[in-house]
Amino acid sequence: MSQPQLTQEALAREAALPENLWIQCPYCKQGSYRESLGNAQVCPHCHYGFRITAKKRLSLIATATEEWDADLVTADPLDFPGYTEKLAAGQAATGLKDSVWTGQATIGGQSCALGIMDPKFMMGSLGTVTGERLTRLFEKATSANLAVVLFCASGGARMQEGIHSLMQMAKVSAAVKAHSNAGLLFISVLTDPTMGGVTASFAMQGDITLAEPHSLIGFAGRRVIEQTINQKLPQNFQRAETLLQSGFIDAVVQRQDQPSYLGDLLALHTA
C-alpha cells in the first residue's frame, strides 16, 4: 500500500509555521505552546520558572531601577584558553558585562537594594566582577540603610578564574555580615539553578530565604553524589520543595506572586 503524498499546499503550510512553537518543561517534561508560558515564562502544568536573563527578571519584579557599578569588566587573570570568547558570548546573550545586575529598585512600592544573577551568562558563575558587584551592593545598602533582595542563579564558582573566584565567597559573605550587623534585612531568592560555591556562601545567608517552584538547589550535583555514595537519590532530591520540607528555606513562591510577596516582606521590616 503506497504512502499518502503531501500536497504542495500542505507542504507550504508546514514551511510557513514558525520555529520553536512548542517547548518542553525541564522539570515535568510536559510540552507546552510557547506563548502559554506567559510573560513570566512559567510552565502552565507544574509552575516551574524557566531560566530568564537578569534584565527580563528585572522587568518582572521592579517598577523603578537605578543600576550600580555597570562599568566593571571581567579580566582574564589566568589567561584561560577560550575564556574571552565565553565572556563575549555571555555579554551578547544578556546585555550585561558579567553575570549579575545590581542596583536600587522599587518592589511592591518598597525601595531596596537589588541583585539579580543571570543564568544565561556562563550559568551565573561567580567570578571576580560578580563578587565585587555583590560586595558593593551590600556595602552601599548598609550605607544607605536599605534592605537587600538577591535573586541567586548560579552553577557555582567560575573555574576560569581559579582561586580569584573562590575568594569571592568569603568577600561577599563578609559584606553580608556587615549588613546584618547593621540590623538590615536580607532576602535571598533561590532560582534554578543555585549550586556550588554560591549555595555554600551568601545564597543561604539570608534572614528570609525563598525559592521558585522546583528550583535545583544544592552544592555538588546529583551524578557526583550518586557516584560517590553508590546509591540512587530520590527524584526530588535538591529541589525547592524538599528543602522547604526539611527547613532549609522559608517559602516557595511562584514567579508571578513575587512582587507583592516581596513588597509585603519589605514593608513589614521597614515599618
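A Cβ is built for glycine as well, from the same backbone N, Cα and C atoms used for every other residue.
On a predicted model such as this, the values are computed, not experimentally measured, just so you know.
According to Swiss-Prot, the features are:
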BINDING   Cys25, Cys28, Cys43, Cys46  Zn(2+) binding site
DOMAIN    21-271  domain 'CoA carboxyltransferase N-terminal'
ZN_FING   25-46  zinc finger
Under 8 Å by Cβ from Cys25 (Zn(2+) binding site), same chain, sequence gap 6 or more
Gly31, Ser32, Cys43, His45, Cys46, Tyr48, Phe50
Restricting to the same chain and to sequence separations of six or more, state which residues have a Cβ under 8 Å from that of Cys28 (Zn(2+) binding site).
Cys43, His45, Cys46, Tyr48
For Cys43 (Zn(2+) binding site), the number of other Cβ atoms found within 10 Å of its own Cβ:
21
DSSP helix, strand and coil counts for the zinc finger (25-46)?
4 helix, 4 strand, 14 coil
